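Q: Got a structure here, written out as structure tokens. Questions coming.
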Amino acid sequence: MSCVALVIVLVYTMDVLKLLNFFNRMMVSPTFVDTDSRGQRFLIRNRNLYWNASILTILMAICSVALVKLAQETQPLYNVMGTVGLMLYLVQLGVMIPLILWPLANRRVLIRLTNFAFEFSRFVPTHSNPANSKSIEGRLLTIQMTIIFANFVLKMSLVCYHIWQFPELQQRHLLIVHCGFPVMSFFVAVHQVYMLLWPVFIIRQLNELIRRTKIHQPVVIHAVIALSNKVSEFTERFATIFGPMQIVHLLSIFVICCAQSYYIANVIETGYDISISLMENIACVSSFFIYTYLYDLVHEKSIEELVEFQVYTMDELKFLNIFNHMTVSPTFAGIDPRGQRNLIRTRNSYWNATVLATLLIVCSVATIKMIQADIDQKLSNVIEAVEMILYGVQTVVMILLIIWPLASRQDLLRLGNCAMDIHQCIQTQFKPTNSRCIAMQLLKTKMGIVIANLVLKMCLLSYYTCQDSALQQLNDLIVHYGYTLIAFIICVHHVYMLLWPVFIIRQLNELALQAKVQRMESLRTVIDLSDKVDEFLEFFATIFGPVQVVHLLSIFSICCAQSYFIANAMETGYAISFSLLEIVARGSSFFIYTYLYELVNEKVSSKSNATKYEQT
């Protein structure tokens, strides 16, 4: 337990980078932090690289040979439990191979990454506040490391107890399998914690930068913005280097949890000991949640940093980035390298299209198989035929939503930067009131309705699936859950379509307020900015017009079909909650949609009349 104490001391004293030496000794990191002969600066170098790889390779080879001999004796493929156990062993071997090769392949880039981190930490020394040393990310890193060591000690104790209790387990190859694979599992878990070290470092640097922005001095803010770009560059480097291993770890956690849960469900009835499987599940699940929480925290801090650092900000930026993460927008709001202004850029365009296309293809194939399995009933029953038509409508809309961002990404980029220019001109020319706008409240309300609708529909689907065994077929599960996600993405795109009308309304409101309080010589600026808003509105209509028509047609067809479902279900006594949720979501989308566009027309008309009056 001295290793745990070492980790706790290092984390709580905020020497995050010194933990590299600990992970190097644990054979999961090739980098080592040392000092020069004069002790004036840190040196990053490779240490024990080939030694660590040799030890892990020998361990894996010995365990593999013992596993082959065990498989020859027991023939595990002839029963389900044996197959599950063999699969778990093979997963651990499969993870160990990249865990050995990855440090060898990335030894130079890891040194560059660590040197970059040290250089950056010299410019942003962490604030020496005792409360900061007890940050939640430090506690989570300590908790995860403690769980791993405790899990390893308990598992080895139970294995030794079972070997002592059952003499048949004392054969050499059985000893190697039962003791060797927990050791490999321990190294894999330690490597997972090593993967969390850099997110903790990023979070702490962002916390320090965000703290410094509250000084509210322009020189400090611009310096912090420049440093924030360094953090973004470091984050991108980290993602490039560690991305493949992150995927390997997450897949292994998923497979191990599924296999161990299946093992527990089957063994608990027979009265066998399930303590090792329970500990394995607890370790994997805790690792997964801490893993995802820290990476989400990095993202949240990045968004918070983006909002805090802006000299000129607007609420639409937050939503634009949210829509990009939700795969419906190809544009993303960031900061230019000089750190002087906001910048709109494309991000994740092809990744978002790939994710949506994969979801659509899987759902379409499952739908075709479901129809082929019982085509006569699907065509003879009006309700089911209408349901298939609805799936077809959603499929067509999704195809357009996949193609449209790719075809229009350059236009959307110009539109976003045009909006940014208008907003920053208003900010620099006038003193904005930043008054609350009902349009923004409607946008947030609509987003809340869409998310609540998804949660309720997923709960209802899960309830119906548990109640009706006919819905538990794989194709039915994919179709029902998949098209619910597709409907959610379409609704999110509805909200995305409302983002720029809300922006136009807010800018026109601001110009109208400024026109009432400014002197005559300043009204020319208001009129010029109003003309820019008109140009922006025309550009927006050109880009978004066809998609608006598609959305309105889909809303109309889906509401008609769901109303037909409700009319028939009320006669037969079936539940109508699912259809009601769909109508509420689409109906609210339609009314908010039309209200905001009517409000845009009203504001434009008022602005035109005011401009004519001022010119006379």
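Note: Cβ is positioned from N, Cα and C throughout, glycine not excepted.
Per TrEMBL, the feature transmembrane segment maps to 6-28, 49-68, 80-102, 140-164, 184-203, 247-268, 274-294, 350-368, 388-407, 477-499, 539-567, 573-597.
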Q: Six or more residues out from either end of the transmembrane segment (477-499), which same-chain residues have a Cβ under 8 Å from its Cβ atoms?
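A: Distant contacts of the transmembrane segment (477-499): 316, 319-320, 323, 326-329, 356, 359-360, 362-363, 366-367, 370, 391, 394-395, 397-398, 401, 442-443, 446-447, 450, 453-454, 457-458, 461, 465, 471, 544, 547-548, 551, 554-555, 582, 585-586, 589, 592-593, 596.
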Q: Taking the transmembrane segment (80-102) as the first stretch and the transmembrane segment (247-268) as the second, find out whether 3 or more Cβ pairs fall under 8 Å, excluding pairs closer than 6 in sequence.
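A: Yes, since the transmembrane segment (80-102) and the transmembrane segment (247-268) share at least 3 Cβ pairs closer than 8 Å, they count as touching.
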Q: In the same chain, who gets a Cβ under 8 Å from the transmembrane segment (539-567) while lying at least 6 residues past its ends?
A: 383, 386-387, 389-390, 393-394, 397, 400-401, 404, 408, 411-412, 414-415, 418, 490, 493-494, 497, 500-501, 504, 576, 579-580, 582-583, 586-587, 589-590, 593
